[in-house]
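Beneath this line is the structure, given in structure tokens, with notes to follow.
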Amino acid sequence: MSYPNNKENSNNIGGGSFSVPSKQPQRVLQQQNTNINNHQTTSTVKSTITKPTTTGATTSTNTSTIPPTTTASSSSSSSSSSSSSSSSSSSSSSSSSQSVPKKKWCIDDFDIGKLLGMGRFGHVYLAREKKSQFIVALKVLFKNQLQTHNIEHQLRREIEIQSHLRHPNILRLFGYFYDDKRVFLIIEFAKGGECFKELQKVGSFNEQTAATYTLQIADALRYCHSKHVIHRDIKPENLLIGVGGEIKIADFGWSVHAPNTKRSTFCGTLEYLPPEVIEKKGYDQTADVWSLGILIFEFLVGRSPFTSDEEKNIFHNIQENDVYYPSSISPEAKDLISRLLVSDPHQRITLKDVINHPWIKKHAHPKSLEPTKLGLPLPSQMTY
């Protein structure tokens, strides 16, 4: 569930409310790089929230995936006094490297602000962690809805995957907790709101905006694929815009970690599905590459290339793969899209080649991969 900018006032879910400042607090807090496979990234996103070490009564029994800032306790005094100095050093090093227990969160740790958006299974609120004053979005999911639609396993997978991803163009999932009726996800606040809402406002994006977003998404997907993660639902509704105008891939509800095997699950959004998915032939990471081609087309035209009022016609259009390119699409953009929308998944352009494509090189913002230096206005605020 993504969230738009919503001006409605919220019904407080945890007591207290506040107004978001014009800028994110200039606060850099400690974090640990507990990435998948312990991979070190070059992400410039340094701000995170950290649980204070003080204890108190909570109504939650679950633990957060947010790395604590406390360090492990010093080596035990029960070590043998007869050990050699090298042995003592080794013991101390081993003890100090022990993992610190994860901290527990509850709703009382947050000031709850306005309602940002509503989805099928819950709501998203602006929130502020009381100790650090860090601004986040709090996604509140209702257990009865999750159980009714049998998607508890999907939520667990989403948490497991998204909480381990570290990339400036992937929305951070800092942690989670729950009570008797609700599950709370602590996620990064993307001030620009939904990409889809911006696309609706302006009809279509100019080439600089489209190329910049495409470059950022391609780089983020390349990172995901290096971790054997397939998103499986890339579309404007699942993209958010950060404070610097950068795109953020969100909603990993359909994502899967698939190191060695092809997938066969029919999932995602119909107009974005590649032929191998609808024909149930099995698919891999190249399914995301096809979806990127659909996305670029929609960025530039305002609709997907295979859209239809009839579901059966969408199936037919995807299988035929006969794309009509309006004259407004430049030759370079058409070339890139046509290289992505190839029916044979093995013949599609790679994400590395997308990043280095002439259309990207010509139109993408020079600071596209440096979000802290980007400063790109929202499409609806641009002067054309």
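If you go along the chain as it appears here, the first residue is 1 and each next one adds 1.
Just so you know, glycine gets a Cβ as well, placed from its N, Cα and C.
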Identity of the ATP-site residue among LYS139, LYS143, LYS181, LYS191 (reference: LEU116, GLY117, MET118, GLY119, ARG120, PHE121, GLY122, HIS123, VAL124, source: Swiss-Prot): LYS139
Local backbone state of ASP233 (active site, proton acceptor), from DSSP in three classes: coil
